[in-house]
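S.K.: Take this structure, written in structure tokens, and hold onto it; I'll ask about it next.
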Amino acid sequence: RAAPSSKMMENKVFLSFTFYSTILILKMYVVAIITGQVRLRKKAFANLEDALRNGGPQYCRQDPDVERCRRAHRNDMENIFPFLFLGAIYSMLDPSPAVARIHFLIFCVGRIVHTIAYLLRLKAPTRSVAYSVAQLPCFSMALQILLATTPYW
């Protein structure tokens, strides 16, 4: 097992980013598993071979509950992947560890609440508020990255 470089282990901001990023990626895996379980329960398969294995071609179909899970997963990809880029670059700018941790925590909690609101159909505007709150640290990090890199354009 390769040990992380001591330089990397000294960067508290990067370690915090790594922690929250890993939580978010695990959350995405959970949503994927939930999607698969809903597909099985509702017998709504995207591929004919899966439908044939699970009862017949009539089960190669869409289902509103499966589609809701897929939309939640797609929304994660549209938001978590940019966070991974922004957070990694932001970590290199030597921000205050406490401020950086707040950025990462707000994004992570916002995305978790967004997913829960999506999958459990929580009353509006819970999902959109969670989405908006999670965007704030991303915009903050993006702005700080742009300010730090403008001299180089």
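From the backbone N, Cα and C atoms, a Cβ is placed for every residue, glycine too.
Annotations in TrEMBL come from automatic prediction, not curation.
What TrEMBL lists as transmembrane segment is 13-34, 99-120, 129-147.
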S.K.: Give the nonlocal contacts of the transmembrane segment (13-34) in its own chain as ranges (CB under 8 Å, at least six residues past its ends).
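M.R.: Non-local partners: 69, 72-73, 76-77, 80, 83-84, 87-88, 90-92, 94-95, 97, 100-101, 104-105, 107-108, 111-112, 115, 119.
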S.K.: Hey, which bits of the same chain come close to the transmembrane segment (129-147), Cβ under 8 Å, at least six residues off its ends?
M.R.: 75, 79, 82-83, 86-87, 89-90, 93, 95, 102-104, 106-107, 109-111, 113-114, 117
